[in-house]
Structures are given as structure tokens and as C-alpha cells.
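Peer 1: So TrEMBL has the following annotated:
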type	residues	note
BINDING	GLY105, THR106, PHE138, ASP223, GLU224, ILE225, GLN226, THR282	pyridoxal 5'-phosphate binding site
BINDING	ARG141, THR281	N(2)-acetyl-L-ornithine binding site
MOD_RES	LYS252	N6-(pyridoxal phosphate)lysine
Amino acid sequence: MKTNEYMEQTEQYVLHTYNRFPLVIDHGEGVHLYDTDGKAYLDFAAGIAVYALGYSNDDYKKAVKEQVDKVIHVSNLFYNVPMGSAAEKLAKVSGMDKVFFTNSGTESIEGAIKVARKYAYLKDGSNDHEIIAMNHSFHGRSLGALSVTGNTHYQDPFKPLIGGIKFADFNDLESVKAQITDKTCAIIMETVQGEGGIYPATKEFLQGVRDLCDEHDILLILDEIQCGMGRTGKLFAWQDYGVQPDVMTCAKALGCGVPVGAFVLNKKTAEHSLVPGDHGTTYGGNPLACAAVNAVFECYEKQHVVEHVAETAPYLEKKLDELVEKYDCLAARRGKGFMQGLVVTGRPVGEVINRAIENGLLVISAGSDVLRMVPPLVITKDDIDEMIEKLEKALQ
Ligand SMILES: *Cc1c(COP(=O)(O)O)cnc(C)c1O
């Protein structure tokens, strides 16, 4: 089939909920994707922060293929071989206690919300608990996750959402304090806001929220779906802040392409929340997903992925700062590690992205005016130079 035939077929039969860029991806190799016309794209989007290891990593592919040959799916009514080790790895690297595997980010948020409500319910037996979420946050599209997503454009057509959600301003501790009542059971936020425009939490804010949670026995839920798995130069972004969440959500790079998410609980929360009958999933944590998780952690260790991000990120930041200096249409850079945003002014960010794609560079947007870069975590300085060259062409 020809490129336009794939596009026409998709538009005819797939519900139109995305305005897709006019290219059809055929395969990937390293940090490049190739379309059906054979054109190469340097990928600084990585399937939206998913493909941390780059494309066609041999160790990863081998592990996933071996699991395909053994068994892809086993229900949660039975034990399976890779699940325990995948959970052990995730628990050990986070210093947390128990893992529940899901199929996506939004499902891990649903689980985290249920954990928070159950924790509070066990304390006082009441059903009127509240959760504080942040304006400009993004936690997913299912109704619970949407309810804590601080974006009225995403929410309005789907109301009524779940009740008891209050919103505060990110990086404004007083606004969080103002929303706390004796019904508050959790505060949920991204450690680095992604979709909302690439805003890292300040140290004072995250520490302040942690202190508030300790004071009032409120659970701190940190959404690490985008900023986690090494993207900021620590395995989890909160590890740079000296605070620990009670509940953490993961997805995206956790499976590096195989759909898998997780919510991870500390000991206190694990011991006082979900029990048999409270929560379940058919696919969640199946052998294919857990084999992928195991392979991801093994590749991270073997290739020193997180150390590489920490070492290389200053170079990316320096190069982007130079662009901000040079081009009037770039107002600022924000971000941490390999999660970076450039604020575009005077022209639509979509126009810059389209030009970048024409020049063989995949980048995406965040918020209304931010050009977002969430590349594979294995990019080198040469890849960064190639990105800058292509982005400059798009800006000129
Ligand atoms: C992508 C994302 C989600 C939702 O994950 P899905 O797998 O798309 O459901 C939730 N939170 C954050 C921070 C995300 O970036």
C-alpha cells in the first residue's frame, strides 16, 4: 500500500480523535524512525516519552520475543514467571513496598485514587473524602484521571466527573493549604508537569506539600508517568527532591513500547488500602508486559541509562539555551534532564513543529505554546547537534 492509502484507510475506519501528522511510520532504528517513503526522522518525541531505549534495542527485543514464544498472557488468577521479578525491581529502585501493574497511565491513576479513598475510608468509614489536584495538570483520559486533570477544555463535555476534587496552583503552597479540609485524603501531582507545559516542581513546593501531607495524614500521590524512568536524570524525578511519595504512578517508558503501567505503594499505604476484591484487571501485569519491564530495567543497568541522562542533559540544556538567545520567537527554556520545553512566541508552536517534521525532526507540543522534547534516553551529543541543526532550519 502507498502512504496516502494507509492514511485514507485509517481516517475511514478509525474514530477521528487525533489530528495526525501526515506521515506513516514504518519502522525504527536507534533514535530514528522511518516512514513508508523511506524518509528518516530524528525522534525527539519517542512515542511521547515511551521509547526510552531507542528503537530496536537487541536485548529488549530478545527478551520480549522469548516471552512471546513461551506465553503472552496468563490471568491474574495464577502466578506467572516474570511478574514477581518485575515488581521486585520496581519496588527496590523506588524504595517502595508493593506494586500493582496496569495497562496504561490513566489506569494507574485510577488505582491510585482508589487507594487514597480506601485508605481514608478505613480510617473513618465515611464516603465524602476529597483529593487536591493541580491546575494545568494531566493525569489521563478515563473519568477518574480526567477528574484530577486541571484542564477544563478536556473536562467540560464529560461532566459530571467524580466528586470531591479540588484544584490548587502548582508551585504555590499557600493555594494548596487553602484547599485542605479534614476530608482531604490525597494530594496528586506530577513531579514535573508534562502536558501542561513542562513545569518542574520547586524544591520548596514539593517539600512543603510533603510536610502538609505528614501533618494531616494525607497521601501524597506523585505521577511519574512521563517524568519518571530516568527522564530527569534520576530514576524517578522525586529522587532529586529528598521527598518520598506514598503512592507513585508509572507507565510510558516502564515498558518501552509494550503497554504497561503501575501504581506503587509505600508500606503504610500498602498495609491500609486495597485487599482481595477491591481491584482487578484482566491484562495488567501479564507475562508479556512484565517481561518487557524486566528487560527495560536490565537494559537500563547494562547501558547505564540514568547516568547517561544526568551526564548528557547539561549539554542539551546549553544548546537549547543558545537557541533561546539567538531566536526572538523562543522566549524561554524549562525542564529537567531529557524533558525539556521551549516557549514559542509570536508564531504558533504547531507551525514550528510542522517545519521541524518537514526537516526530519519529530518534536511535539505541550500546553498552548511550548515545544516539547522527550527524546529516547540514549541520545548522544551528536544526536543533540543533529536536532539543533534541524530545529534551526525550522525556526529560520
Ligand atoms: C501520559 C500521561 C498520563 C496518561 O497515560 P496513558 O498511558 O496515556 O493513559 C498520565 N499522567 C501523565 C503525567 C502523563 O504524561
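Cβ atoms here come from the backbone N, Cα and C positions, even for glycine.
Nobody curates TrEMBL annotations by hand; they come from automatic prediction.
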Peer 1: In sequence order, which residues at least six apart in the same chain have a CB under 8 Å from the CB of ILE225 (pyridoxal 5'-phosphate binding site)?
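Peer 2: Once residues fewer than 6 apart are set aside, ILE225 (pyridoxal 5'-phosphate binding site) is near GLY105, SER108, ILE109, HIS139, GLY140, GLU190, THR249, CYS250, ALA251, LYS252, GLY261.
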Peer 1: Which one of the binding-site residues (THR106, GLN226, THR281, THR282) has its C-beta surrounded by the most other C-beta atoms within 10 angstroms?
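Peer 2: Neighbour-count leader: GLN226.
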Peer 1: Cβ distance under 8 Å to ASP223 (pyridoxal 5'-phosphate binding site), same chain, sequence separation 6 or more: which residues?
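Peer 2: Listed in sequence order: GLY105, ILE109, SER137, HIS139, ILE188, MET189, GLU190, THR191, MET248, THR249.
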Peer 1: Rank the recorded positions ARG141, LYS252 by the number of other Cβ atoms within 10 Å of each Cβ, and give the residue at the low end.
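Peer 2: Least crowded of the recorded positions ARG141, LYS252, by Cβ count within 10 Å, is ARG141.
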Peer 1: Validating a neighbour-count step here. Other CB atoms within 10 A of the CB of GLY105 (pyridoxal 5'-phosphate binding site): how many?
Peer 2: 28
Peer 1: Rounded to an integer, what is the Cα-Cα distance in Å between THR282 (pyridoxal 5'-phosphate binding site) and ARG141 (N(2)-acetyl-L-ornithine binding site)?
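Peer 2: Pair distance, Cα basis, whole Å: 20 Å.
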Peer 1: Please check the binding-site residues GLU224, THR281, THR282 against ligand 1 and give me the ones with CB under 6 A, sequence order.
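Peer 2: Within range of ligand 1: none.
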